[in-house]
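Participant: I have a structure here, written as structure tokens, and I will follow up with some questions on it.
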Amino acid sequence: MSGAALGLEIVFVFFLALFLLHRYGDFKKQHRLVIIGTLLAWYLCFLIIFILPLDVSTTIYNRCKHAAANSSPPENSNTSGSFATATPAPSQHLCFKPWSYIPDGIMPVFWRVVYWTSQFLTWILLPFMQSYARSGGFSITGKIKTALIENAIYYGTYLLIFGAFLIYVAVNPHLHLEWNQLQTIGIAAANTWGLFLLVLLLGYGLVEIPRSYWNGAKKGYLLMKTYFKAAKLMTEKADAEENLEDIMEEVRKVNESIKYNHPLRKCVDTILKKCPTEYQEKMGRNMDDYEDFDEKHNTYPSEKSLVKLHKQVIYSVQRHRRTQVQWQILLDQAFYLEDVAKNEASVAHQFVHTFQSPEPENRLTQYFYNPTVEWYWECLLRPWFHRILAVILSIFSVIVVWSECTFFSTRPVLSLFAVFIQLAENTYNYIYIEIACFLSIFFLSICVYSTVFRIRVFNYYYLASHHQTDAYSLLFSGMLFCRLTPPLCLNFLGLTHMDSSISHQNTQPTAYTSIMGSMKVLSFIADGFYIYYPMLVVILCIATYFSLGTRCLNLLGFQQFMGDNDMTSDLVDEGKELIRREKRKRQRQEEGENRRREWKERYGQNREDSTRNRNVHTNPKESNFSDVNPNRSASKYTRGNNNRTERDRIELLQDPEPMDFNADTFTDDPLDPESGRYQPGGRYLSMSRSRIFDDV
């Protein structure tokens, strides 16, 4: 089993990162480099979290082995009194090799590769790819140039911070600059930035995650919050549609001004390919597009303006598509929550859906998750499950807050994480050590990463599920993960006293802390910032508990869900009316489909029977004239003439259509509001086919 656990976790974490990226990203539409860069960033961060417990158990085993090797037995074995007073050293039989033991020399190389790769991604590659993906250039060279210009200030800021640390070390006479010390300065600067953001996100997640599960168990809470989201999403959806219409109007003007033989026509064609299909068909080239352009008399947009327009088209189309998908998902969620509220009073204990799922369910799911099981789970068991889970998560949050405030105390040991690990270390229970470490760091990462998935910076950064996250947000999330994970792991090792700089013990460090170097080069960070700044999590938890941030955002005009606010009540009522309207619309659609299905089932069989009977009656007549070819051909022509005459009678009752009539371009609006000319739609404003012959 040597190294097998490491290999299994490497494979498992890869598929976990791939699954999450598939949920938020779109493998078919987004660029491959964006998918690969984001996948690599997420994969490395998740890998650090899953492999770190193995590093801890391996380090504890190595400490035991070295302590047993250094302890020598007493010279006089007959003096039993000395054994009674001496402190027992770890015996060799207690230092058994754990099942997940990783051989020496593997973990330092592994951590070095993972850490520096993640740092290269977050500080150099991903910011450049982020600007490249958001650029509106029409060539690779243009996009690279734009990305370099946008990142010049970004890179200059971090070089300034690194230079400040470098000057501090150079001025200090007790320190001599070496390569390892420069490396330590870079690591300290990156971890300081990450720890600053980590505590902010952690303070929010420690309170908000347990509270969200507790509120989810309240009756009607999720439904009211869904109504609130519906009102806000409808506003955003309308704004996205209006923005898309404005951008498409600009594209139409550019498309009409730049002709086919203009040098910038290729740029316009590239912009048109990014537009939705209905707009592409609407902005098809006219016949006058083949006229030669005249540079003297007409003014044409510059390439710089086309680059800006291209960028706006990409953003507006992505935003419009995202709001449309989110609206449909929110409607399904609201309908389901309303079904749960209705079924709670059901006496039959059978869960009844208002709308059936369009996708057929699996037979296994239908057998085990039948309407009875669904009723007991949704109406009875799920609220209690959420309450129990909220209590457990609250206990974990209290343990984390207490340990963050007391982990610097080594005598006595006040950090509960350190107490649990030391108890397991005394008994050399490696399975318990790995489980305790994994649960602890997993809870910390959930509190931090869930906040990253929840926060939204206007419309620039937003992780939307169901494949609706744009490339910019995916790359930005990869940057955040790579910057938050190393200080998160160092904080966890400090809570468990596995970091020698915190415990102040001359023991073997973990392989992860060994690659970080000695923080004694920057003593004010190692002995000050790393120890006392995490205590700020107490203030942040109190502020989150009283919803101070939510109230401030609400005062600034960013509507947030608050139960004791008039604005929230108005938005809930508005969302409730929107959901009711969409529900009636969907019900009418289903009723229409059901009527058409019943009509087809009722009269379709009769039509088939009448056709079959007519064929039976006509076949003998045709067989009588089978010997006379002219008669049979004459009957065919006669029948054809009768059909033609019938068609002529029908056409006489129809409107005359223009010569260039095209059924594919039929629109409800016969006048194009943009050009003001008649569009071949087959009818006029003053003469409607449904009104002229109403009396006929």
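One-based numbering along the chain as shown.
Glycine too: its Cβ is placed from the backbone N, Cα and C atoms.
The transmembrane segment feature in TrEMBL is assigned to 6-21, 33-52, 113-132, 152-171, 183-207, 388-410, 430-452, 472-493, 529-548. For 230-257, the entry in TrEMBL reads coiled coil. The region 'Disordered' feature in TrEMBL is assigned to 582-696. Residues or ranges marked as compositional bias 'Basic and acidic residues' by TrEMBL: 588-612. Residues or ranges marked as compositional bias 'Polar residues' by TrEMBL: 616-643.
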Participant: Which of 113-132, 183-207, 388-410, 472-493 has the most Cβ pairs closer than 8 Å to the transmembrane segment (33-52)?
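Facilitator: Against the transmembrane segment (33-52), the leading stretch is 472-493.
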Participant: Count the Cβ pairs between the transmembrane segment (388-410) and the transmembrane segment (529-548) that lie under 8 angstroms and are 6 or more residues apart in sequence, then report whether there are at least 3.
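Facilitator: These two segments touch.
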Participant: So, taking each listed stretch (183-207, 430-452, 529-548) in turn and counting its Cβ pairs to the transmembrane segment (472-493) that are under 8 angstroms, which one gives the highest count?
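Facilitator: By Cβ pairs under 8 Å, 183-207 leads among 183-207, 430-452, 529-548.
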Participant: When you scan the chain for residues with a C-beta under 8 Å from the transmembrane segment (113-132), skipping those not six or more beyond its ends, what do you find?
Facilitator: 33-34, 37, 40-41, 44-45, 47-48, 143-144, 146-148, 150-151, 154, 158, 190, 471-472, 475-476, 478-479, 482-483, 485-486, 515
Participant: Taking 152-171, 183-207, 529-548 as candidates, which has the most Cβ pairs under 8 Å with the transmembrane segment (430-452)?
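Facilitator: Counting Cβ pairs under 8 Å, the winner is 183-207.
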Participant: Tell me, roughly as an integer, the mean pLDDT over the coiled coil (230-257).
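Facilitator: Here the mean pLDDT over the coiled coil (230-257) amounts to 92.
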